[in-house]
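Report on the structure given below.
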Amino acid sequence: MSKQILVLPGDGIGPEIMAEAVKVLELANDRFQLGFELAEDVIGGAAIDKHGVPLADQTLQRARQADAVLLGAVGGPKWDRIERDIRPERGLLKIRSQLGLFANLRPAILYPQLAAASSLKPEVVAGLDILIVRELTGGIYFGQPREQRVLENGERQAYDTLPYSESEIRRIARVGFDMARVRNNRLCSVDKANVLASSQLWREVVEEVAKDYPDVELSHMYVDNAAMQLVRAPKQFDVMVTDNMFGDILSDEASMLTGSIGMLPSASLDANNKGMYEPCHGSAPDIAGQGIANPLATILSVSMMLRYSFSQATAADAIEQAVSKVLDQGLRTGDIWSEGCRKVGTREMGDAVVAALKNL
């Protein structure tokens, strides 16, 4: 029986990078006889233009029926002035919450070929391999009430709410421990337990879950210190688990240790490892349509999809090897280019990965 993959290119550079990822996926599908069927739909700004909402009901239903979702990027200045609740990003938040995609896995891996592209000294980041496990469907991005109001004195005031339940913390903590167990048995839980009530509960529950993982070394770190330590000595970390907002910020910070956010994939999983896969970067409207965006994060998201949702480790490994081979050849998009390398565009980079995959 065939497996269904829903492709959502999205906005900005999304359609450009997705085109290259789909080429790689179709080759892997054929070569490894994976039995995938691909369908395409719209999300974000593209959905607003077509349906008047950032995620149409029929698109959400197709996503529910699919075995995995492959996403490009959403958003852009074209839609910045519309009502907040129907902006493109709301489509992304909705599909995450409606599909129950509570666990976001964001690897930060420095390819040895890109050591010079990192913002830190090579000796600080050489061999870097961090996995950030981010809670994705709770916390301040979804908490109610949230409001902007006018006080009696005429001054505007806005507030948000940061709620976490014990069950939400427990399930993401287990993902963190499980990931640590298949890596190097080290987990750092990041919170702000010295200030926030939600973080105090977070730390208590993580400690309780740790009793089921005696082989995993657990440490705790306040988020401000974690942000500093990621720059000072990033290789002290292996797996980090944290809440929605902290994970959003720390994973972007970690991305720059690797040279470019254009290299980093991500997976968002439900309790059964059904997932949505997307690059960590945004829609980059400033370079959209120019054919210069880096498609490698999206291509590597395909690899994560094969690994986590379909248990196709051989095909996933092959795609990662193809990307590494292309970097060995000195091909670089502008975001990772350095002296002595050949600068290429989006399509040429995608074609190079396809060629490398064919020759493995």
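Each residue, glycine too, has its Cβ placed from N, Cα and C.
Small disclaimer: the values here were computed from a predicted structure and weren't measured.
Annotation source Swiss-Prot lists NAD(+) binding site at 76-89, 282-294. Residues or ranges marked as substrate binding site by Swiss-Prot: ARG96, ARG106, ARG134, ASP224. The Mg(2+) binding site feature in Swiss-Prot is assigned to ASP224, ASP248, ASP252; the stated evidence is similarity to another entry. The feature site 'Important for catalysis' is assigned by Swiss-Prot to TYR141, LYS192, with similarity to another entry given as support.
The binding residues for substrate are recorded as ARG96, ARG106, ARG134, ASP224; their greatest pairwise CA distance is 27 Å. Sequence-distant neighbours of ALA288 (NAD(+) binding site): residues of the same chain at least 6 apart with a C-beta under 8 Å from its C-beta are ASP11, GLY12, ILE13, GLU16, GLY76. Distance noted between the C-alpha atoms of TYR141 (site 'Important for catalysis') and LYS192 (site 'Important for catalysis') is 17 Å. Taking ARG106, LYS192, ASP224, ASP252 as the recorded positions under consideration, the smallest Cα distance to ARG84 (NAD(+) binding site) is found for ASP252. Looking only at Cα atoms, PRO88 (NAD(+) binding site) sits nearest to ARG96 among the binding-site residues ARG96, ARG106, ARG134, ASP224, ASP248.
When the binding-site residues ASP80, ASP248, ASP252, ALA284, ILE292 are screened for a C-alpha within 10 angstroms of the C-alpha of ASP224 (substrate binding site), no residue qualifies.
Scoring each of the recorded positions (ARG84, ARG106, LYS192) by how many neighbouring Cβ atoms lie within 10 Å, the top position goes to ARG106.
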